[in-house]
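Positions annotated as coiled coil by TrEMBL: 95-174. The annotation domain 'Kinesin motor' is assigned in TrEMBL to 188-492. Here TrEMBL flags G270, Q271, T272, G273, S274, G275, K276, T277 as ATP binding site.
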Amino acid sequence: MEKELKDIRTHHLKVIEDKLIELITHKNRILAVQSEEIGEFKKNFDEFKPLTQIIQKTTRECLSDFQSKLDEADRQAIQQFHQQQDQLEYHASRLNQQQNQIQSIQELFEQQTRSRLQIAEMQKAKDRMLIELQQTKEELEQKKFLKQQLMNNFKLSQQQQIQLQQELKDTENQKRYWNNLLQEAKGSIRVYCRVRPNSQEDMLLLNGECTLVLRVPERFLKSTNCQKESSFNFEHIFSQEADQQEIYNELSDLVQNVVDGHNVCIFAYGQTGSGKTYTMQGDDFHKGVIPRAVEQIFKERQGMLELGWQMNIRVGFQEIYNEQSRDLITNQKCDEVKLLDIKDIVEVADHFNTAKKNRQVADTLSNEASSRSHFIFQLNLQGHLGDKQINSTLNLIDLAGSERANVAKTEGDRFTETKAINKSLSALGDVFNALYTKQQHVPFRNSKLTFSLYKYMEGSSKTLMMVNISSRSEDFQQTLASLRFAEKVKSCSIKK
């Protein structure tokens, strides 16, 4: 192809060269003729002098005309040259395009060769797939038959499932109804007693699960005729060997009562150092009532969600210190604690840790980390399913230690705190006494503690007091006071 292009170029250049030679030869002949004429003119100049000017003028005109023709011939020759050059470039471009096309065709040919090999492999795979498809078709025919049988069974199962779901809802409703009747039968106010773990029982004797005998240490006997022991009966008494799980197993029905739509208050009462905070909060290795109750409610909530309930959980952490209410999350004084919407147990645990850090504790003779305030954990459960609604609150209260100022030997701020604690505990006793004697007026407003809880201690509400006692002989007087207080609470009932 390149050789043909070169021959074409050579041919065109030769044609142009011949044209130029022809033009130059023609020009030279004209110039020769002109020279001869000029010579004759010179010879006859004198003879034709009058005509010289005319001849010169004519010559100039001829020369001008010739020059114009010559220029036009040059212009045309150059134009033809450029046209031929453009044609050469066009043919060269076409030649490059053809070369590219040839290369593309070669690549396409190679690709088609590879494709033919792949097609051959695919044909083999296709044959294998046809065999597998035939086998699959046979299996599908079998499965189709089985599916039809399953569909027939499934239609029956769906009807059974709807019936079972309705029966489950009815069962849940009956469960709530009978559980509430059971809790009411056990008493709207009940008292449990727990002997402080890891202490020697040198003055206590447990007679079964409901009876406790308190022996009077000799140094407290005023005479030999004095009563040497006192017997107390409660719904349940836990020895010092009872672990946290055993304690909660006895309380879980009350927590379930909250899920069923009733308010519940659980108090931890007792002297400083008797194990109230351990019972309610536990430690890193032994969870207390509060974390276990939260776990139970979230578990029950999940079951209710699966039955179609819309549920919402809110929590609040309150401290009553020196008759002042404080929100332990914001760490600000408040008249009423703001309940926080909660998504999961982890969020509750985070708020719980914040509240524990903000609670007032101090070192006293009775306890090196004595709780100097009442701690109230509230969990509000709201839900609805159709026309059924739930709005109930669980109150878990870790009361400040009941102690005598002269025994704890407090002074200054600790003495002021002790007075405020004993005043509020006395007001709580007055409330239970008013309930016990069935008074028209129950003095809930006599302290910040009782006023904060009054709406959760009326109607269908349930209240449990866990009295924590020490078995040490040096704590005899405060243990006896706690047991007598608990015995009085046991005789009370919720005001309807």
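Using the three backbone atoms N, Cα and C, a Cβ is placed for every residue, glycine included.
What TrEMBL says about a protein is an automatic prediction, not a curated fact.
Within 10 Å of the C-beta atom of G273 (ATP binding site) sit 24 other C-beta atoms, taking all shown protein chains into account. The most crowded of the binding-site residues listed here (T272, S274) is S274, judged by how many other CB atoms sit within 10 Å of its own CB. Of the listed binding-site residues, namely G270, G275, the sparsest Cβ surroundings within 10 Å are found at G275. The average per-residue pLDDT of the prediction over the coiled coil (95-174) is 73, rounded to a whole number.
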